[in-house]
Amino acid sequence: MEPLHAGAAGSSRAVCSQGPPTQISSSRVIVHVDLDCFYAQVEMISNPELKDRPLGVQQKYLVVTCNYEARKLGVRKLMNVRDAKEKCPQLVLVNGEDLSRYREMSYKVTELLEEFSPAVERLGFDENFVDLTEMVEKRLQQLPSEEVPSVTVFGHVYNNQSVNLHNIMHRRLVVGSQIAAEMREAMYNQLGLTGCAGVAPNKLLAKLVSGVFKPNQQTVLLPESCQHLIHSLNHIKEIPGIGYKTAKRLEVLGINSVHDLQTFPIKTLEKELGIAIAQRIQQLSFGEDKSPVTPSGPPQSFSEEDTFKKCSSEVEAKAKIEELLSSLLTRVCQDGRKPHTVRLVIRRYSDKHCNRESRQCPIPSHVIQKLGTGNHDSMPPLIDILMKLFRNMVNVKMPFHLTLMSVCFCNLKALSSAKKGPMDCYLTSLSTPAYTDKRAFKVKDTHTEDSHKEKEANWDCLPSRRIESTGTGESPLDATCFPKEKDTSDLPLQALPEGVDQEVFKQLPADIQEEILYGKSRENLKGKGSLSCPLHASRGVLSFFSTKQMQASRLSPRDTALPSKRVSAASPCEPGTSGLSPGSTSHPSCGKDCSYYIDSQLKDEQTSQGPTESQGCQFSSTNPAVSGFHSFPNLQTEQLFSTHRTVDSHKQTATASHQGLESHQGLESRELDSAEEKLPFPPDIDPQVFYELPEEVQKELMAEWERAGAARPSAHR
């Protein structure tokens, strides 16, 4: 690999001619930057002695990439180590299973490219899209008209097409080629990296043309040559944006080539694939791609993946999980944000291409608090959770054969929003989904890169010991639709009953909000013991509600209390409850082994709904044939497994919960009612809110009031 040189940027100049204007197909200028044998380059920078020697980067039994010296001697990417050694006995192998240095260098490249344009979209460790449209326009505006004829293109022009400088699109792309050369030169001078670049009117074409001349070269695609480039593809699966599953469905329809897809009746295609997908892929077949370059931002998830020939025991599985988890915890500590959801993915031995399964669940709040502290105190409870997820997918009493395991942290939140006490279940916001992005998460079989976006159509992927993804999206053509949370922002707040504070109301679960606004189903319920399983808590929420109550009192003296019948009862699977079935009287504590929660949930759900339904309710799962992740909203961190139900189901469950508890807790309710009449309350405390607090918190507050000599007015319901 030769370094870039100033001026020529290590590439040839194309001859420019002036002629009549041609049709403009697009005003955008997009550059796709693809680093040459990225892992090998990082190793050669780390150890310059390897620069002129055949070098391969090994992960497990594969050479995942190699430098061009090795390629000259017959070594290829993804070659078996034994075969590579036979081809090239002098091959130097470096272990590339630790991706830390590759990840660090990858982000340095992205940061450097952002100095040219803020619109930089990561596509794995070694690829980036850059939208240069605005920068190109500024340069053209600053270019004197008399200098336009002397503008030269840097690098190759695809298909040796002549450049017409009277064509504004040609001029834009020529200036884009100059900026692309500057970016490549900066990468070499500042980071020591070389790479290829493709300059085109959209992302699809830039991606395709960047690989025409390699290594360390760049190519410009003019609009008139787009069809030539598209038709040079041997199969539709080579079109970026058409994934494996979509290609298989198209093959069933007899569509194999680009020409087949271009000429296939759109109505038939829409009937088979749906309108959106059909129109999208047919546009791609013509080289049309309107998708924007989306700045990636911080990763939305972290995952570590390990592939192996065979894992057939629970002990082996636990060891793999511990290894993956240890690496993830280090990354969480470095990132500074805290994950609120953990996912386990497995792959069984099979000849199928997509046969992965996954389960995920929220991370308990007391475990979240330990994350990112620099120690591994959170390891034991997380391992317990992951092993429960594992046993939910794999019957360990029967023989099994796994070839892949992955652990993923997602639903990452900034530290400020993560610092919540154990009472945050009362104030859980329903606006934050388990996925912070609409794009789907798909773990690819041959992908070693930590990216804000996974490569959309199996583009130039690498296999690995580990796959580290940052959480977002396969091709939109193959994306799985996920259930969305209810949007509570549209509820008519002006219709709130008197005495209900809007700020407090907004933080209640959606079901309770709707019931307060539209339903009176709880008015006939008696007693305060509506929480089937009270939660251990701090005093934080009491102060919050007390403040809101005093504010409401000042604004409206007649609104002195929030009636308990409106807010006190909650369905078993809403925030503020344990998530156990109505008949359960267990009282788990956050300090206990997390497996207790999962065991209780499994038993209760299996008893009430049967094995099949309970599995769907306990975990966000994937069908092996589809390999998509279905995520339910993370309603609270104390509740590990949320049950996905409709609003009507919530109301029915809440009523059944009260009726089921009434016979078992009659004595307890009578004792509470009797004790309530004697309890002392300071004037700024709402009794109804007080009775919804955990019992030990009630006792602590009562003792404090007695010590402080608080007034003792009789509590009124």
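Placement of Cβ uses the backbone N, Cα and C atoms for every residue, glycine included.
The annotation in Swiss-Prot ties D34, L35 to Mg(2+), and of the candidates under consideration, D83, D98, D126, D131, the one tied to the same site is D126. Annotated by Swiss-Prot as region 'DNA-binding', the relevant range among 140-147, 300-307, 372-379 is 300-307.
When Cβ atoms from all protein chains are considered, those within 10 Å of D34 (Mg(2+) binding site) total 23, not counting its own. In sequence order, V33, D36, F38, G124, F125, E127, N128, G195, C196 are the residues of the same chain, not among D34, L35, D126, whose CB sits within 8 A of the CB centroid for the Mg(2+) site.
The number of other Cβ atoms within 10 Å of the Cβ belonging to Y39 (2'-deoxyribonucleoside 5'-triphosphate binding site), over all protein chains shown, comes to 29. Its Cβ taken as reference, E127 (active site, proton acceptor) is surrounded by 25 other Cβ atoms within 10 Å in the chains shown. When other Cβ atoms within 10 Å of the Cβ of D126 (Mg(2+) binding site) are tallied across all protein chains shown, the result is 27. Predicted-model confidence for the motif 'Ubiquitin-binding 2 (UBM2)' (685-702) is 72, expressed as mean pLDDT. Under DSSP, E127 (active site, proton acceptor) is assigned to a strand (E or B) in the three-state scheme.
Annotated pair L35 (Mg(2+) binding site) and E127 (active site, proton acceptor), C-alpha to C-alpha distance, rounded: 6 Å.
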